[in-house]
Structure formats: structure tokens, C-alpha cells
Amino acid sequence: MVPEEKPDGPGTGEESARLQAAGSVRKSCDLLADSQDSHLQSRRTRIHQQINKELRMRTGAENLYRATSNAQVRETVALELSYVNSSLQLLKEELEGLDGSMDADQPESEGVTVPMIPLGLKETKQLDWATPLKELISGHFGEDGTSYEAEIRELEELRQAVRTPSRSEAGLELLMAYYNQLCFLEARFVTPARSLGLLFHWYDSLTGVPAQQQALAFEKGSVLFNIGALHTQLGARQDRSCPRGTGRAVKAFQRAAGGGTLLHHCQLPSPSAGAFGLLRENFSHAPSPDMSPTSLSMLEQLMTAQAQECVFEGLSLQAPTDPYDCLAQLHLAQEAAQVAAEYRLVHQTMAQPPVQDYVPFPWTTLVHVKAEYFRALAHYHAALALCDGPLVAEAELPAVEQVFLGLSASSAPRGPALPQEREESRKLGKAHLKRAILGQEEALRLHAVCRALRRVDLLQAVLAQALRRSLAKYSELDLEDDFFETTEAPDIQPKTHQRPKARAPSFSRVKVADIFHRLGPLSVFSAKNRWRLVGPIHVARGEGGFGFTLRGDSPVLIAAVVPGGQAAAAGLKEGDYIVSVNGQPCRWWKHAEVVAQLKGMGDEGVSLQVVTLLPSVEPPGLGARRPGLGALLRSQKECGRETPGPARASPRPLLGWSRKAKRGKTGRRLSPAPQP
């Protein structure tokens, strides 16, 4: 249906352009039918449906088992339960295999890079918005709900498109556009005492178990989770054999995770700002394991580690001016040790309950493999610095010991200091190579243990290539007269010189218009306010004009009524909002437009419709009740949500319920009604 606003109303043309752009984005994003990702997503959807079916069967069987006292029935039900549990276990293993499959999200490039771990999207069921929204529009807003079928259909099409976003920037824009639209819905239709009456149904990304809630915040949280998951898929698909690809991968993983983990040996990270960090900070009551605080913390650590790995890869691609530069090789060793430390922390988190119960085993194994691989790589670069580079000058020795051995410049070195002789340097480098070879052999052993990782040929190629390189270097240094090898290679101090900065999902670049803007500005026309529609009221022009003054925009407020004037006689009151002038809706009109319309009226007067705000009725004890979700506030401008008119809605919480709406509106100017 065509909006009933005036064609010259504020934001009409811009809004139409935005809606057309949003429609084109949705059409361009729903293109998964012929892609490899669509096959994986279809298989995940089928597994989720089967898991849901088996769970319902198990619930019914358990209820029957508890309710019956017949021994034969209980034996039959127990046997059926064992079959159902076996089927559930097989389905979960199949889903785990899909989540552990990393081939589909790996880049096609000539370079050999270690595969990354992408996160699958949460699946959801189709949702019927029509019935509850029509009832709410008719009951609370006093309008014909059937006249908003076009807006409801647009919302349903947007959500349907969000179920299958493309793995691209356009897919991210689609998810963020829907998220911003949910913020509009929450501001207009949801109060702490009333929900939309819809049951939002989402499947867990890791286990496939369904979860459902009536809170719109659960829908917002699930969409935000998918925004982070899609960032991980984009990061894993980048071609990291070139600096541009590694830079893009770093940004993608940081937008998913946030700031970074806190390790005792590195600088303090920036605060979390990514999708998973925002979820963890603001979604406190998770209905599914993948959105629990422990799971989100693990995902933050994992994506931060993968971003740090991309930083190391970018530094490795930058060829040093001198290939035998000792300090450059030592810095690479420290960077590799930093990546290994990040992955060790992730592996410790994955190995702890309850995370270990639902994290795919291939993930845990790959993280362990990467920890061993990068620790070995750190020793390899240290060996190159000691064997191929020149001896460290005496002036550079304190600095090298500080960054390489973890010693402060003023402390005395514990154990052997850096060698000053070529032969001693060769022996220490050989010791580091020995530790590198042992670590790479351990990484290959761990890789062979996991059946899913054995199918990843790229990972085996990377590990085998690194081992061959280390063995070749070791054979160069191995002399026949090396009978005594007492030198022990020290651990390498982890440190990074390019820690990735925190990056929040860029909601501000996705501009959307409120689909239900025809209901009026959010400052007045929302479920948090109660009002009464009055009119049409005929106001004649008297000697002193209409007898009232106006203030504010969208909608225009009657600031004062002259006692004994025409407006007072007609029943207008101070604080009423003008919503119609001679049958023309003017909820979005500016102050100057209403004044100009009134000035053009003759002696016959004008017909006005106004709304009067009523006192709100809050349930007892509501002020002491706090929602379980956080209160991270973002203004409309920061989140990219814009109304068609100049009026701005109050700040909205990211995931929590909204605050109490304002009952009045401060105007910028006070204008008298037009005089005759």
C-alpha cells in the first residue's frame, strides 16, 4: 500500500530510494541455490529438522515412561528411548562433521596457507508476523491492521531473505539491515510488560538443538550471532597468499570477535567490540549453548587467535631488506610464539566443560595442531637468526635478550646468554631446529589422529612442507664431529608488534527506513505510550487567529491555548499533537509546513485531528524488575537507523528492552497560530 503521507513530506523521496535499494540487496543476496554453500546449508537444515523430530519423540517417550506403571510398557519405551538417543548421537556427529569441514570456506589461491575455522550460521523457521502485528496495530494504535499488509509483507520478505544470506558483503548488509529494522520494531511495538506474542525459533549452530523464546531480543541476538559467523566465513575465504588478503582476513575476524584476549605476556588489548563480544556483554540468559557466555568467550578467543595468525602471515609476506637480518628473524619468531600462545589459550578453553561437550572435535584438534605448529615455527625462525645471520653486536645484545629471551635490560641473564662465537651460535641454532622438528612431528601426529582433519589435504601439505624444510636445515648444520650436544634451546618469549585493533560490525553504514513509519514518529506513536484520537475538530478563525501556538516537528505540538479563544472553545488542549489538517495526515510534517497550511485557511476555519497522550499504566513492581539483557545504548545515528522525518528517536539498547518513552517533546521554537 502506498504511504498516506504528503508527497512533499520529509524524507519521502530518500525513503523510497532506500527501500528500493534494500529490495535490490535482498534479491541479490538470495542467490544460494547454485552455490556449494547452499548444499552445506541445506544439509544443516535437514539435520536440524531431524534433530528436532527426534527430540520431540524423546520428550514424549520420557513422559510416557514416567506416567506408566506397566512394566511391559516401560520396557518397550526404554528400548525406544535407546533407539532415539542413538539416532540423536548419529545426527550430532553428522552435524559435527559439517561444522568441522573447512574445505568449502578455504580460498582458492596458489599459495599454501593453513586452513581457518569458519562458524556455521544459525538456522531458523519461517515466521508469521501478520496476525500479532495486525492485532497490535488495531488494538493499540487504533488503525486498520489490514491496511498495513504491504508493510508486514515487506518485513516477512526481509526475514525470509535473512535465512539464506549470501557469503559476501551484500549478505552482511542484509543481516545488518534486518537487525536495524528489529530495533525499530522493538522501539515501536515492544514494552517491558508486553511482547509481540511471537515465538522465535532458532537452531543451535554447534549442536543443532532447537531453542525458542518470545523475547524479540532473542531474535536480535541470533541475527547478531549470524553477523559474527558470516564475518568468520568471509575471513576464512580470503586469499591470504597476498598482503591484501591477509589484511581483509584480519578485519573480518576482528569484526567477529572484538578486541582480543588478555595474555600475561602482552600488552592490554582494546575492549571487545565485535559481534561475539557484544553478545557476551549484553545477552546474559542464553537459551542455546552457542550463545552462552562460555561459548562466546571461546569464539572470541578463537577468532582473535586467527586474526593474530593472519597478522603473522602478513609479516611473513613482507620480504626483509636483508634476508639474513638477525633481528627481523627474531621478531618473526616472537610473532609466531604469540600466535602459538593464543591458540594454547583457545585449546585450554575448548578442553574445559561445558565447552568441550558441544565444540566439534575437529576444531579442538586443529587448534592444538596450530599451537604446536606455530611454536615450532618460532623455533625455526630463531634458528635462522642464529645460524644464517651475523653475530649480534655487543651494543644490540641487551635489546635482543629482552625481546628474545624475555629478560629485562637491567636483569642479569639466567642460564646461557646469547652466544658470541660462531660455533656456539650454530649449536644453539641447531638446538632450536631440534625443538622445531619435534614440534612439527607432534603437529603431524595430532593431525593424523583426527579423521576429519586427515581429509584436509592442504593442512597436511603445510605441516609436511614445514617439517621437510626444518630437516633440510638441520642436515646442513649437522657435522660429523658433533658428539656433544648439551645446549638446550630456551623458550621464545611471545610478543607482537602489530596487535589487531578492535572493530565493531559497521551497522552505521547500512541505512534503513522504518517499515511502519506510517504509524507516526516513534517519540509518540509506540506501544510505550497511550493516547486518545480526538476529532475531526472544526476550529474557526477569530479576530486573534485560531487561538493557539505551535511548537516542534513531526508531529507538531500545541504548545499553548489562548483562554476564551476559538481553539479553547473547540476543545483543543495544550499538549495535543496535530495529526491531520483538513483530512491530510501530517504526523511527519515540519513546523513550517503546518503553519503554512493554517495561514492558507480562510474565514471558514480548519478541521483538525489531534491525539492526546494519556498517563501510562505500569504493572506493580515494574520499576524494581530488570531485564536479563544488557543496556549497551546506541543512538539511531550510530546504529544506522533513520526515520523518514527529522525527528530522532530516543537511544535504544542493543539487545535489552527499551527504556520508558518520553511523554513530551521539546520544541526548538514557539510560533503563534496564524493571524487573520
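Backbone N, Cα and C atoms are what each Cβ position is placed from, and that goes for glycine too.
Annotated by TrEMBL as region 'Disordered', the relevant range among 1-24, 145-168, 409-432 is 1-24. Secondary structure counts, DSSP: the domain 'PDZ' (536-604) has 14 helix, 23 strand, 32 coil. Confidence in the domain 'REM-1' (30-104), given as mean pLDDT, stands at 69.
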